[in-house]
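Below: the structure, in structure tokens.
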Amino acid sequence: MGLLCSRSRHHTEDTDENTQAAEIERRIEQEAKAEKHIRKLLLLGAGESGKSTIFKQIKLLFQTGFDEGELKSYVPVIHANVYQTIKLLHDGTKEFAQNETDSAKYMLSSESIAIGEKLSEIGGRLDYPRLTKDIAEGIETLWKDPAIQETCARGNELQVPDCTKYLMENLKRLSDINYIPTKEDVLYARVRTTGVVEIQFSPVGENKKSGEVYRLFDVGGQRNERRKWIHLFEGVTAVIFCAAISEYDQTLFEDEQKNRMMETKELFDWVLKQPCFEKTSFMLFLNKFDIFEKKVLDVPLNVCEWFRDYQPVSSGKQEIEHAYEFVKKKFEELYYQNTAPDRVDRVFKIYRTTALDQKLVKKTFKLVDETLRRRNLLEAGLL
């Protein structure tokens, strides 16, 4: 009797194990099948190109966005951005006051000098204190000093971030004791991407049957981060390359002798030459157009070596469009130097973008989705 019970128990255990093994195998097969239908997108670009802002927009647009815990995690980041920015402006003002022939306009008031020294010391720390109302009032006083405003106008020479004005105009709210960052604050927050981050989404919603599912990879743009891209190159459906077209008069954070636009040109050329991208589609985002359209009327495009042959033709909106089309053509020429014009297995599209403009980013990704779906249908012989 005991032997029969033992055999029955072993038989039941074997059956359970077989059932579990079959279930695991079924899940693995399902995941492998689902994985085949996920399109891989690689988000590339030099440092400060705005690609990480694009990445955050995708999370807001096509996923659940940021929960309260994630929003709160940006508080120290945003406060650090404030301290770093005001230190850059203060130290830059001191440098201009010492070295410029018209140094008088860079002379701080006695009140600003005292505030500035304290803030510069805080900005040089490894750990920043939480932004308080008292500190924010000091920062606001310093920010409004005419000498700081003169320095800010030369921000391209000092690595002053694009978010400076936004941060300074929101100091009161950012320093509130109960402050929780808004979605807009998170988009403006500057954190250098290190390593690789990824997100999975569908531009048409959660229902995977209604459209393509994409896995988007964002990688560090600074030079020392680029070696981490290599293992991501295989099996990519498309490269989304971000080029900050407003940065034609700026230098790299990591190499102040190198023009940012020249770095972007060389990086784009290098990526195009990679054998693993021979049949990969390229979506070029000419980003930061909002800054470009203001800057190009004041700072000649031909200050950049790549744009030496640019000739202005007009003023106002007409000149902005002329300058934009010139830059666009330069990138097109670079692409076709690396790709035969009659290639049909490699799609190339250019989009004018502003990473902070959510409506524009949404519209752009819908267009990218349509382009890639059409390519898939062509490859399948359905078009």
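Cβ coordinates come from backbone N, Cα and C, glycine included.
Residue density at Gly50 (GTP binding site): 24 other Cβ atoms are found within 10 A of its Cβ, drawing on all protein chains shown. Annotation source Swiss-Prot lists GTP binding site at 48-53, Asp162, 187-188, Thr193, Gly221, 287-288, Asp290, Ala355, citing experimental evidence.
The feature Mg(2+) binding site is assigned by Swiss-Prot to Ser52, Thr193, with experimental evidence given as support. Around Ser52 (GTP binding site), the same-chain residues at least 6 positions away in sequence with a Cβ under 8 Å from its Cβ are Val191, Thr193, Asp218.
The feature domain 'G-alpha' is assigned by Swiss-Prot to 37-383.
Under the heading N-myristoyl glycine, Swiss-Prot lists Gly2.
The S-palmitoyl cysteine annotation in Swiss-Prot covers Cys5, and the record cites a curator's inference as its basis.
Annotated region 'Disordered' per Swiss-Prot: 1-20, in sequence order.
Look at Swiss-Prot and you will find 40-53 tagged as region 'G1 motif', backed by sequence analysis. Sequence-distant contacts of the region 'G1 motif' (40-53) (same chain, at least 6 residues past either end, Cβ-Cβ under 8 Å): 187, 191-193, 214-223, 229, 232-233, 235-244, 247, 252-254, 260, 263-264, 267, 271, 285, 287-288, 353, 355-356.
For the region 'G2 motif' (185-193), the list of distant contacts is 47, 51-53, 56-57, 60, 66, 71, 74, 77-78, 81, 161, 163, 166-167, 170, 174, 218-222, 225, 355-356: same-chain residues at least six beyond its ends, Cβ to Cβ under 8 Å. According to Swiss-Prot, the feature region 'G2 motif' maps to 185-193, an assignment based on sequence analysis.
The annotation region 'G3 motif' is assigned in Swiss-Prot to 214-223.
What Swiss-Prot records for 283-290 is region 'G4 motif', and it gives sequence analysis as the kind of evidence. Distant neighbours of the region 'G4 motif' (283-290): 45, 49-51, 54, 162, 238-247, 268, 324, 327-328, 331, 335, 348-357, 364, 368, 371; these residues of the same chain sit at least 6 beyond its ends, with a Cβ under 8 Å from one of its Cβ atoms.
Residues or ranges marked as region 'G5 motif' in Swiss-Prot: 353-358. The residues of the region 'G5 motif' (353-358), classed with DSSP into helix (H, G, I), strand (E, B) and coil, number 1 helix, 0 strand, 5 coil.
In the structure shown, the C-beta of Glu48 has more C-beta neighbours within 10 angstroms than that of any other entry among the binding-site residues Glu48, Asp162.
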